[in-house]
């Protein structure tokens, strides 16, 4: 089945391609269809995922899968949260986002740096799908003092999986794709597969 991925983030596309390998779902990036990003006006990950999925489905005429995800830091009251990609002001500037995050946490001791990556996936069969599938995944850890590792994208270099004592950017793709928030959200989504047959 061909599904448009409602994202222009090449890191997310690569991660979803790996996660969906062998599933029978062929992802097409919305950017390859000339579809721009939806405006993220929702107040939650769920609202933004649905906005993005419906936008991509409407523009493409295809079923659409959207992800809204972010980093929620305990000491910052859950920030950057839904504003993770534009935490430093400019959308997608990972280095600036990390710098702002580390600056905000500079006086916070290690024990107070708890955080979690949150991902909500929304799959719609068409733009007005009344029964979208939703899956949520969370990955608990803490924020490091400085970036570590070369893999991944976004906040991966400063997010420590405490059980493994590795940053998300130090994990190989296969391991990350088993334990990440996206992997967990996809597992929750696939548990509902196939989607309802009612339009």
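Even glycines carry a Cβ here, placed using N, Cα and C.
Around residue 156 (substrate binding site), taking its Cβ as the centre, 24 other Cβ atoms fall within 10 Å, counting all chains. Secondary structure from DSSP puts residue 156 (substrate binding site) in a helix. The substrate binding site annotation in TrEMBL covers 7, 8, 9, 10, 11, 12, 69, 153, 154, 155, 156, 176, 181, 182.
When secondary structure is read from DSSP and collapsed to three states, residue 68 (Mg(2+) binding site) falls in the strand class. Per TrEMBL, Mg(2+) binding site is recorded for 39, 68.
Marked as active site, proton acceptor by TrEMBL: 68. Taking the Cβ of residue 68 (Mg(2+) binding site) as centre and 10 Å as the limit, one finds 27 other Cβ atoms among all the protein chains shown.
Spacing of residue 9 (substrate binding site) relative to residue 39 (Mg(2+) binding site) is 15 Å (Cα to Cα, whole number).
Every protein chain shown contributes to the tally, and the Cβ of residue 11 (substrate binding site) ends up with 14 other Cβ atoms within 10 Å. Taking the Cβ of residue 181 (substrate binding site) as centre and 10 Å as the limit, one finds 23 other Cβ atoms among all the protein chains shown.
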